[in-house]
Amino acid sequence: MKTPNITVVGSINMDMVTITDVVPVQGETVLGKDFRTVPGGKGANQAVAAARLGANVRMIGRVGDDPFGHVLTENLAKEGIITDSVKPVTDCTSGVATILLSDRDNRIIVTKGANEHVTPDYVAAFEQELAASDVVLLQLEIPLETVAYVLEFCAKHHVTTVLNPAPAQKLPDAAWTDATYISPNENECLQLFGDEPDANLRQKLIMTKGADGVQFYENDEQVQVESFRVEPVDTTGAGDTFNGAFAVALGGGTVKEAVRFANAAAALSVQSFGAQGGMPTKAQVQSFLQEQGG
């Protein structure tokens, strides 16, 4: 299998993580156990996941002209990701995610900052790179008109797209049509498409269900791929790891095989702290799959 060329158009954030035993209710103050800042953002996370798994990855995004922005760009470059399409925005803060981590679960508030400047005009400067991609990954932490523009462009140029519709937001009908694959989690799928997505949409859906695995449709027949049982430390980046790994594996076999590979990568990712901290290499995923019976 040739090394895939993957372009990620999406968010780049600094994750500000507070670890606590108790989640405060309204008006309550509780003591936290620890505080950490770690690189994140759904776009950047998926880019790192794909790069760790051996893909050639380009990130298209924006950061603030601030200390966080410099750290975030350097972090991507350190992972081998092409960053000449990540440019700072003057007089704007970098995107930030405030994460409350408790009992190995998480709650997240995202402040978009420079991610709001990932506009169609900005991305249009990289159309040549988009057209040369094997897979383009998108999420919904950047302006929705940009997502719709990229999906339309890629559909016209026969480039495979994976749209991770998180956080769940409505897009024009044409955007869903233009996407090759749509990868919501169970809650996002229900919010966006209801209990019974139409037949055309079902063929695109790769629905993640946490510990219950992944569900998709093949020739209108429901297929369920079980998850791998592990003891999680931090689930923050599991979905992003899944999406990056799914994009990497798409060119090497069936959708079911790509989902199983992505499930294995996600299982490994939750065993370390931080969205990117536990993202595995291709060798680690292959070794894990062998241990699990191939």
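We count from 1, first residue shown onward.
Using the three backbone atoms N, Cα and C, a Cβ is placed for every residue, glycine included.
So that you can see what the record holds, here are the features copied from Swiss-Prot:
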ACT_SITE  ASP240  active site, proton acceptor
BINDING   ASN13, MET14, ASP15, GLY41, LYS42, GLY43, ALA44, ASN45, GLU141, ASP240  substrate binding site
BINDING   ASN185, THR208, LYS209, GLY210, ALA211, ASP212, GLY213, GLY239, ASP240, ASN263  ATP binding site
BINDING   ASP234, THR236, SER269, SER272, GLY274  K(+) binding site
Filter the recorded positions ASN185, GLY213, ASP234, ASP240 down to the ones within 10 angstroms of ASP15 (substrate binding site), Cα to Cα, kept in sequence order.
none
Rank the recorded positions ASP15, GLU141, ASP240 by the number of other Cβ atoms within 10 Å of each Cβ and report the first-ranked residue.
ASP240
Around the Cβ of GLY274 (K(+) binding site), how many other Cβ atoms lie within 10 Å? Please give the count over every shown protein chain.
22
Sorted by sequence, non-ASN13, MET14, ASP15, GLY41, LYS42, GLY43, ALA44, ASN45, GLU141, ASP240 residues with Cβ within 8 Å of centre, substrate
GLY10, SER11, ILE12, PRO39, GLY40, GLY95, ALA97, ALA275
The rounded CA-CA distance in Å from SER269 (K(+) binding site) to the residue listed as 'active site, proton acceptor' is 10
Measure from the Cβ of ASN13 (substrate binding site) and count the other Cβ atoms within 10 Å, all protein chains considered.
33
